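Now, the feature entries from TrEMBL:
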SITE      R62  site 'Interaction with substrate rRNA'
SITE      D64  site 'Stabilizes Arg-xx'
SITE      R101  site 'Interaction with substrate rRNA'
SITE      K104  site 'Interaction with substrate rRNA'
SITE      R108  site 'Interaction with substrate rRNA'
BINDING   G174, G179, G196, D197, N198, V199, L200, E201  S-adenosyl-L-methionine binding site
Amino acid sequence: MGKINLILLDSSLELVPKELLSHPSVISNAKKKGKDPKFVLLDKSLHYKAMSRLKDKEKRGRPDIVHLAMLNFLFLEDEIKGDFFLHTIDGKIIRVSNKTRIPKNYNRFTSLMEQLLRYKRVPVNSNEPLMEITDLTLKSLKKKYKLAVLSEGGEKVPIRDICELGDSWLIGVGAFPHGDFSDEVKANADRFLSIGDNVLETYQVICRLSTVCLSLLGLIRV
C-alpha cells in the first residue's frame, strides 16, 4: 500500500469576483479587514446578499470546507501523506507541500489563502513555497496519475480498496457544499467510487479514508 495522493476538487475557494466588488456587503467587510475588496476571500457567511445572483452560487463561498479538509489531511502521519493538490472552482491547480501546517484558526487561514490567491505562492518570496498556484490542469495531472473521484453516485467499494490503489492514483474529493462536479472533473475522472450510502462532508471522507489506510499500515488499532 502506498501513500494517499489527494486532490480537493471544485474547491469553494476564490477571491470576490469582479461582478460583486461594488456590493455594499463586500465593501463593508473589506473595510473592516482594512483590505481592498478584490483581495478578500469570497465567504457566503459574509457575502450572502451579494451572492444572490452569482452563477453556481450553491457551490461557492465556502472556504471553511477547504479549511477543515486541509486540517484533516495535513496533520496526518507522514507515513500516509502523499502529494496534495487543491483544484478550485475556477480551475486553478494549487500544489500544497505535505509539510504545510495550516493555521487552525479560521481567520488566519483565510488571510493565508487571500495571500496565496493574490501573490500565487506562500511564503511570497520563497524559492520552495509551501503552497503555489501552478500552470497545471486536471488533464495535465493525468500524465502522472489516474484520477479516482469519490462520489455518492460512484461504484460502491470497501475503503480498503481505495487505500490499496497505489501511488499512481490521485484520490479526488469534492470540496464544495452543494451541486455536482464540474464538467472538467467528469471528463478527467478514470473512476467514480463510493465509500457509503450516505452523503458525507469532505472532512468526513478524508477522516474515514485515512483511518482505514492507517489501520492497514498498522499505525493505529481499530
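Using the three backbone atoms N, Cα and C, a Cβ is placed for every residue, glycine included.
Mapped onto this structure are the features recorded in TrEMBL.
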{"residue": "D64", "record": "site 'Stabilizes Arg-xx'", "Cβ contacts under 8 Å, 6 or more apart": "D43, S45, Y106"}
{"residue": "R101", "record": "site 'Interaction with substrate rRNA'", "Cβ contacts under 8 Å, 6 or more apart": "L74, F75"}
{"residue": "K104", "record": "site 'Interaction with substrate rRNA'", "Cβ contacts under 8 Å, 6 or more apart": "L71"}
{"residue": "G179", "record": "S-adenosyl-L-methionine binding site", "Cβ contacts under 8 Å, 6 or more apart": "D56, E58, K59"}
{"residue": "G196", "record": "S-adenosyl-L-methionine binding site", "Cβ contacts under 8 Å, 6 or more apart": "E152, R208"}
{"residue": "D197", "record": "S-adenosyl-L-methionine binding site", "Cβ contacts under 8 Å, 6 or more apart": "E152, K156"}
{"residue": "N198", "record": "S-adenosyl-L-methionine binding site", "Cβ contacts under 8 Å, 6 or more apart": "E152"}
{"residue": "V199", "record": "S-adenosyl-L-methionine binding site", "Cβ contacts under 8 Å, 6 or more apart": "E152"}
{"residue": "L200", "record": "S-adenosyl-L-methionine binding site", "Cβ contacts under 8 Å, 6 or more apart": "E152, R208"}
{"residue": "E201", "record": "S-adenosyl-L-methionine binding site", "Cβ contacts under 8 Å, 6 or more apart": "I65, L68"}
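Comparing local CB density within 10 A for the recorded sites R62, R108, the maximum falls on R62. Taking a C-beta cut-off of under 8 angstroms and a sequence separation of 6 or more, G174 (S-adenosyl-L-methionine binding site) has the following same-chain neighbours: L8, L9, D10, V149, L150, S151, F181, T202.
R62 (site 'Interaction with substrate rRNA') and R108 (site 'Interaction with substrate rRNA') are 15 Å apart (CA-CA, integer value).
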